[in-house]
Structures are given as structure tokens and as C-alpha cells.
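Student: Got a structure for you, questions after.
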Amino acid sequence: MLDELDKRILYFLQEDGRRSYSEIARILGVPESTVRVRVKKMLKNGIIRKFAALINPFKAGYEIVAVIAVDVEPNKVREVAEKLAELNEVDVLGIATGAHDIFMQVTVKSLRELEEFLLDKLGKIEGIKSTETSILTSVKKWGYARVF
């Protein structure tokens, strides 16, 4: 379980993942080794999944960000979700309740690539009954799971 110090360390890392342990330690008034040990423990326990740059795909040469709802044959949802999660174009994927079984966000460079993804990749996965694709025309917030 996370204590208040862990939560404060996470807060500062979420604000700027490049912030040094020594800077966080100085702000929090604890030794640098304390921050280092706690971050290492949170990585080991999967609380921190990884450190990565959060990019704007539109500025990085990608023109299409789409949300795809997927309907799957009964009893194949987990199997299909695992196969979809392996595809490079998939940024976020989750099994859902409600009208559709799976939702995913994909990023591709063009409409042609989106078509290839839908027909050549999704079309070959056994168990998918149907998909519904929505292309985002603009994005107002890029984020991450802010928990603190």
C-alpha cells in the first residue's frame, strides 16, 4: 500500500518524469536514497509501469488517432483482447462493459494505414464479430492516469 510519502513522490514524477531524485528529496525534505529506494520498490511492484515520453502524435507525423469499439464472440473476449494488445498500432486497450466488448485507441500515419489495420490485421483475428471506428478530429487533452 502507498503511504503519503510514496504518493508525494508519484505526484512529482507525474508532473515531470525527468525530475531528479535529489530534487524530489530536497522538496520533500528526505534523503535522496529514500526517494531512490521507494521508486525502485514502486517499479518492482508495478505501481510505476515505466518512464516514458508522452508525445503528441500529430506533431510526430501521425495523422490519425482513432477509437475502435470491438464486438466479440461470447467466451473469446480475453483471447481477442490479448491478440489486439500485441499490435503496434494499439496505444490503449481495455475490456469494457456496455454496448461493446473492447475499446482501443490506435495511432496511424494515414487513412490508408487505418484501412490496412482494420482489414488486414483486425480482419484476420478470429472471434471479432464487428467493429465501430471513430476518428478523433482534435484532441483537447493528452494525459495519463493521474492518481495523486
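Backbone N, Cα and C define each Cβ position, glycine as well.
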Student: Select from 21-40, 81-100, 101-120 the stretch of residues annotated by Swiss-Prot as DNA-binding region.
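Tutor: Checking Swiss-Prot against the ranges 21-40, 81-100, 101-120, the DNA-binding region one is 21-40.
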Student: Could you pull out which residues elsewhere in the chain have a CB under 8 Å from any CB of the DNA-binding region (21-40), counting only those six or more residues past its ends?
Tutor: 5-6, 8-9, 12-13, 48
Student: Within the DNA-binding region (21-40) only, compute the mean pLDDT.
Tutor: 98
